[in-house]
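Trainee: One structure follows; several queries about it will come next.
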Amino acid sequence: MESMSELAPRCLLFPLLLLLPLLLLPAPKLGPSPAGAEETDWVRLPSKCEVCKYVAVELKSAFEETGKTKEVIDTGYGILDGKGSGVKYTKSDLRLIEVTETICKRLLDYSLHKERTGSNRFAKGMSETFETLHNLVHKGVKVVMDIPYELWNETSAEVADLKKQCDVLVEEFEEVIEDWYRNHQEEDLTEFLCANHVLKGKDTSCLAERWSGKKGDIASLGGKKSKKKRSGVKGSSSGSSKQRKELGGLGEDANAEEEEGVQKASPLPHSPPDEL
C-alpha cells in the first residue's frame, strides 16, 4: 500500500485540475454596467470644443460690457512732482483681472436644451421642454417625473461640468487670453483662443455651429410681432398724415371760398354822381 506521504501530492493535484478551466476563462472587462452606460448616454458632458466656444462667447460679452466706460484709474503719485498718473480702465490690468475672475460663473446662467443638437444644446434661458412642463403645471395639470418639481430649475450636470472645465481652461490659457487682450483685440477671440491654441490640431467643428431658431420659436415670433407692430404704427401714422392732408385741403378750400366771398362782398357798387 502507498503511504500517506505519497498520496498527498495526488490529492492536491486533483482540485487544481478542476480549477484550471476557470483560470483559463477571459477576464471580465472593467467598465460601467449596462445601466451605467445608459446613464452616461443620458448625461453627455461638454466637449473641450463646447467649453472653449462658450468661454470665448462670454469673454467677448464681458469685454464689450466693460468697454463702454471712460473711467481713468489713478495709478499713484509721482515722487518728484506729486502728480498722479492715470490709465484708462479699458486698457488696464484691472479690467482683465475682473473679467477673467468672474467669467466662468456666467456659464451657470446657461441651461441644457436637450431638444437641440450639437453645441447649441447649451443656451441661456429655459429649455422648450421645461417651459412646456412649467406651463402645464401652472394650468393645473399633474406632471409626474423622476425629477422632483423643486429641482427642475437646478443646474444640470452638464452645465456644472461646463463651469468646472472653464475654470481649468482659463487658468491653463491665462497667458493666451492676456496676449489677445494686450496685442490682438482686432482678431476674433474665438478664432484666436480656441482654433489657434486650445483646440489646435483637434476637432473645431462646434465653433461654426449656430442656432438659427425654428418655426414656433419664441424669439423668432417675438421678432415678427415687433415688426408687425412697427409697420402698423407706420401705417397708422401715414394714414393719419394722409387724413391731415385731406382735412387740410378741405380747410384750404373752405378758407379760399370764404376769402372769395369776402372779396366779392367787399367792393361796393359806385353810386352815380349826384347831379347838381
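Keep in mind that glycine also has a Cβ here, set from the backbone N, Cα and C atoms.
Sharing the feature lines straight out of Swiss-Prot:
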SIGNAL    1-26  signal peptide
DOMAIN    47-269  domain 'Saposin B-type'
DISULFID  CYS49-CYS206  disulfide bond
DISULFID  CYS52-CYS194  disulfide bond
DISULFID  CYS104-CYS166  disulfide bond
COILED    153-179  coiled coil
CARBOHYD  ASN153  N-linked glycosylation site
REGION    218-276  region 'Disordered'
Trainee: Nearest to CYS52 (disulfide bond) in three-dimensional space, by Cα, is which of the disulfide-bonded residues CYS104, CYS166, CYS206?
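Mentor: Smallest Cα separation from CYS52 (disulfide bond) among CYS104, CYS166, CYS206: CYS166.
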Trainee: Could you work out which of the disulfide-bonded residues (CYS52, CYS194, CYS206) has its C-beta surrounded by the smallest number of other C-beta atoms within 10 A?
Mentor: CYS206
Trainee: Helix, strand or coil by DSSP: which one applies to CYS52 (disulfide bond)?
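Mentor: Helix, per DSSP.
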Trainee: Output, ordered by sequence, the same-chain residues six or more apart from CYS49 (disulfide bond) with a CB under 8 Å from its CB, or 'none'.
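Mentor: Correct list: SER119, CYS194, LEU199, LYS202, ASP203, THR204, SER205, CYS206, LEU207.
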Trainee: Take the Cβ of CYS104 (disulfide bond) and count every other Cβ within 10 Å, whichever protein chain it belongs to.
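Mentor: Around CYS104 (disulfide bond), other Cβ atoms within 10 Å: 22.
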Trainee: Taking the Cβ of CYS166 (disulfide bond) as centre, how many other Cβ atoms lie within 10 Å?
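Mentor: Counting Cβ neighbours of CYS166 (disulfide bond) within 10 Å gives 22.
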